[in-house]
């Protein structure tokens, strides 16, 4: 019997050979056959038995099988003997009964128990685990560091395979090993020696760690080697590489967990920090491949292993989902997608996707990085801006091609063109390569003239198909060649000195600029004259106006309308025909005397260089005479000997010469003034001429050797003691004469602006050389001012040298050395000082900025500063300092600057001496600097400016802010306060004005106590008069019906009432305006004009009503036998009292107001200096005063005339007393006190006249109340007995029965009892008395009866008149005189005169 082991093996062999056959490639799985070594029996699984039966009954071919047989041993000690047995068995073995041959028996897999439900399986040499289970094979735990020991892998029990297979390239752990980059952290301090690979510490760490790594990783499939590559700080990070086959995440983690077992604990290895970074197992793709700005990009990362999460990085910065970024991660597909919309160039760079799988002992990171480039989608057009002439045949034929190109070719590129503009010209689209083209179909009809210059935008749009879209616009400006029409107002010829204009019209209105050129021969001049060229847009017109033609304006005129780069022109030729200018014709003499029937030589001379074929005649008193031509040096003179045959004494007439050129145009010379004198009066007679004593002779400044003809000016001679003496020499010096002629030519030149700088340089140099001559000659000084005025009309560029030369010239002529010359001109009432100021103002106004700036320039006494208004508008604040430490500040607020247009200029000029040469007021002085501020923008509304002046003389008071008004004082100019308000602040005066021009401050000495006294008199007197006049009007209204019961009394009270009313209104207006003036308050111009008108009108009404009162008195004195109706008298009185004053006042305003000379500048009253408007008040007032004075004299004479019979000395004294009282009464009522005004206008008159005049006239209202109202007995009685109507009615009836009237102005008790009895010594004869007198009635009846009987003699008649204590029966006697035919009325008139003085 065999041993048990042999028996078992044999049985196994039989089983394999007989039953367990597996053809190669079949799906037959091995079955279990368990041998119980203890029992020595075999047992088969039922499944195996079925399979075996099946196999035995099949008739199969004899294939080759490989059979895997799992043998389970209860005792592991049998393992090695069995292995040895099979190794030593002899093969092949034939099994005859089943016709099977066993060719090879190998042990592949050996599993040892490793736990309750698991075993540790090993592959025998030459065998390896299949690749399908490689990733799931877990190494068995091992505490041995021996690398030679085989590695077992844990398998669960029961184990059904798969088993180890013969080792191939595809077996687990075979093939090219991979490198795993690993790291782990040691929780110990990092030492610098770990950076040095040659250090002992580095080597020790490396050896120990590598040993532990190799031990722990050796069982990974295909493990080769673990190598430490370095250390890095952060505690200590160990970087190492593991060369092995493909190992799963779990396998690596399990190996990581084993590392601490093989490493000394002193290393403090942290088992939870094992990390593997895999960079070559991630698939990174992007779409599109060519990325442009604006595209939407998709970046995709795919890995072949599972992961927990994915993270994207851009330049190392994590990307989070946002408006432009979105991340889509799908774990199932092991994919993560980063989507970026509207990419920009900033999105270029490196992108990393990181997949992380983490467990307790292992973290695996799949990482890959790719760099993307975002390209700009650059479109390059063939034009940015292009200009096309629509009506150009060449353009229409070729057609304009627009194109847009990109820098690379794209198949998916989409292209479109858009057209936007008022001119909608389209084209044809095409595409080639990387360019798109658009060819325009241009037609003239599509761009009419009014649309020339219109811009159409053509936009090409390119799209990549992935979201990127770019557009580029091409601006096409469509122009139209303009049709220009040019015409001249003079056809083709014009005479020198005559004006003309050339007009250009274009059918295209939207032009950019218009230029004018004049070509004369080979010389071409550009007309640069802002003042003579006027352009308009609608219609498109340019007019070149030449005020005075000269040879410079001869040639072909070309006007060019420019639009963009397109010029449209037209031309016309103008020929300038020579004709001497009026100022270039010398006349000799200028003014002289002529003797009757004695020839006088008259001459007109011109420069010989300018002579042409002129026809010249002399005209004397509208008669034409032929002349004789003669050359004198450089002059050609035309002479005529005139003989005056119409001999009238003191006859004055003129003569002149007339030049006519070949086209019939003419020019007259200045007039020669001739004065006819008789031979017997001739006192001076020589080669200069003849004249009477003290007569004047004016001769020209003739210099026949002057190469330019003659010198301007004249010499004035006076005939004194039979000899002509030079009274005045106004001849200009040669250089100044040349400068003046050059200035006139320059201002009239087409190139004035270009030539101005060189002329100003010449001007300042010549002025310095001629300064001595200028200092002693007002004519030369005036000529320099005229030159500055002429050239100030030429716009100048704000170059420092140009401005310096102009201001230096001004500084030279206002220096101290020229003071006497300025005084002489001021005495002559010239306007040169005002003209100089206006010249500087015009120069500053026309300054044109250079480089957008106005430089600051200083010329000793003159300083200029300015600005150009820009977008960032700020305050205009300029400070000026003079050499005398005087200052002035100009401030214009930002709010005002904001209202100005951009590039406007504000220029200020300060003068320290010019203000003192201007005409001065008597008691007001310029007490600060003079400042001019100009604004280039035209503004009709107010413009606020503030100026702070430092006072020059601190003793002067009453500051006024003034500006120089060039229109006042007959255009000589004067200071004006309108629109300016002063604020005194210590040593400074702040002036706030609402306009711009030349400003300064006027101040006057402190008002003396004498003037204050007169002011007080005026105010107090006017107040008293106003109150008195109001009382007078009230009284008259109360007693009116009681005191106006007859014609004479009625007219008397009408006159008094209107005088009082007119004077009241006049005084009220006067005191209101005077209070404004004295308090230095500003009154508006309109209110001042209105106040002046009413003061003038009402004061004239007062005078004319006083005239009416005087005429009524005169009428009653002279025309005794004549009686005019009340209506007629009233009509005449009202016409005089109101109509005449109204006509005078309105006429005065109408004549002077348009000239701005109606009122004075400082007070609201009629102007005197400029228009003499005050004469409209003075003349009527003086005439009325003189008339009333005459009437008063007549009254006095009439009182003195009745001398029939002898008069006692008592009667004489009484008459003189009555005359004195009559004069005292009539003087204020007839306005005679105004006659004292003549004394006040006399120079250096005594102050007493001024006080007396003021006192008497301001109290006129009081005098009217006292003498015209309160002293009237009837008014007194009416006031006292106004309530006793019955008694009054009784008296009225008695008065009516007598048919007698009250005297015109009854003087009553208690003021002057004696004067009331002028017409009688005894008794009371008063018709209107409340208590009738018996004696009066009897005397009147007696006189009446005597007259009626015809027996009354003259003496008796006079005695009857004298016997009446009152003259109230006079009107009745007057009627009786007329009825009875009394011849001698002289005594009667005397009585009337006495009675009439009560008016």
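Residue 1 is the first one shown; counting continues down the chain.
Any Cβ shown, glycine's included, is placed from N, Cα and C.
The signal peptide annotation in TrEMBL covers 1-20. Residues annotated as domain 'SEA' in TrEMBL: 174-286. Marked as domain 'Ig-like' by TrEMBL: 260-373, 381-477, 482-573. Marked as domain 'GAIN-B' by TrEMBL: 849-1009. Annotation source TrEMBL lists domain 'G-protein coupled receptors family 2 profile 2' at 1014-1272. The transmembrane segment annotation in TrEMBL covers 1016-1043, 1055-1077, 1097-1119, 1131-1153, 1173-1201, 1222-1242, 1248-1271.
Listed by sequence, the residues of this chain that lie at least six past the ends of the transmembrane segment (1055-1077) yet keep a Cβ under 8 A from its Cβ atoms are 1018-1019, 1022-1023, 1025-1026, 1029-1030, 1032-1033, 1036, 1083, 1088, 1091-1092, 1094-1095, 1098-1099, 1101-1102, 1105-1106, 1108-1109, 1112, 1133, 1137, 1162-1165, 1260-1261, 1264-1265, 1268-1269. Beyond the transmembrane segment (1131-1153), the same-chain residues lying 6 or more positions past its ends with a Cβ under 8 Å from any Cβ of the stretch are 1051, 1054-1055, 1058, 1062, 1089, 1093, 1096-1098, 1100-1101, 1103-1105, 1107-1108, 1111-1112, 1166-1167, 1170-1171, 1173, 1176, 1180. Over the domain 'Ig-like' (260-373) the predicted model carries a mean pLDDT of 89. Secondary structure by DSSP for the domain 'Ig-like' (482-573): 3 helix, 55 strand, 34 coil.
When DSSP labels each residue, the domain 'SEA' (174-286) comes out as 42 helix, 37 strand, 34 coil, counted as helix, strand and coil in that order. Residue counts for the domain 'Ig-like' (381-477) under DSSP (helix as H, G, I; strand as E, B; rest coil) come to 12 helix, 49 strand, 36 coil.
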